[in-house]
Amino acid sequence: MEITNAEFVISNTDVKKCPAGTFPEYAFIGRSNVGKSSLINMLTGRKGLAMTSATPGKTMLINHFLINNSWYLVDLPGYGYARRGQKGQEQIRTIIEDYILEREQMTNLFVLIDSRLEPQKIDLEFMEWLGENGIPFAIIFTKADKLKGGRLKINISAYLRELRKQWEELPPYFITSSEERLGRTEVLNYIESINKELNSK
């Protein structure tokens with residue numbers, strides 16, 4: 001898939017105010033500071049499309065970007081940023097859950113995982129919750145360029161082992177690096193394949 005057009009449409013905290021229409025939506029979510037904004041900018045080829053920050057927890061809104069005038073890329077708030085405080089975390093959780101459970105246009109959720117880390121309980125519990133609610137999702141391992149030698153393979157294998165404890169069939173997964181544009185083609189082709197399937201119905 002070639003992205004010829006990517007434009008910001010709207011930010012909000014209320015799923016009912018998300019764009020009308022039937023365009024499929026591909027949402028991106030992950031723990032704070034997982035590299036979500038950098039990944040979105042890399043995928044779209046637009047350096048400043050999503051705001052990047054070294055400070056975790058900056059994305060507090062549901063952000064819609066219209067891609068090729070045919071589908072939406074949705075940037076969801078990051079989860080698990082403790083310094084927001086309990087009230088702030090609850091507000092973010094409500095925004096995330098409302099979008100994921102109520103937004104009919106959401107076609108696939110991409111869960112971003114920092115490939116530098118061992119399996120994190122918060123990520124595994126979030127994916128288990130997705131499974132319990134029948135939410136279609138794929139995993140994107142980020143920051144692959146930060147690991148040397150066989151560490152990347154070891155970390156991903158550890159995650160897959162943990163997932164197999166919960167899942168009979170593993171969700172699709174992709175390995176990416178925003179710095180090296182690794183995985184861009186694979187993720188976009190995956191989105192394109194789903195769009196083609198939807199259009200054939």
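Numbering starts at 1 and runs along the chain as it is shown here.
Heads up, the Cβ atoms here are built off N, Cα and C, so glycines get one too.
Quantities reported herein were computed from a predicted structural model and do not represent experimental measurements.
Taking Cβ-Cβ distances under 8 Å and a sequence gap of 6 or more within the same chain, the neighbours of VAL34 (GTP binding site) are GLY78, LEU112, ILE113, ASP114, THR142. The DSSP secondary structure for VAL34 (GTP binding site) is coil. Residues or ranges marked as GTP binding site by Swiss-Prot: 30-37, 57-61, 75-78, 142-145, 175-178.
Take the CB of SER37 (Mg(2+) binding site) and look out to 10 A: across all protein chains shown you find 22 other CB atoms. Swiss-Prot lists SER37, THR59 with the feature Mg(2+) binding site, giving sequence analysis as the kind of evidence.
For 22-197, the entry in Swiss-Prot reads domain 'EngB-type G'.
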Within 10 angstroms of the C-beta of GLY30 (GTP binding site), the count of other C-beta atoms across all shown chains comes to 23
Surrounding CB atoms that lie within 10 Å of the CB of GLY78 (GTP binding site), all protein chains: 24
Neighbouring C-beta atoms (10 Å sphere around the C-beta of ASP145 (GTP binding site)): 15
What is the average pLDDT across the domain 'EngB-type G' (22-197)? 90
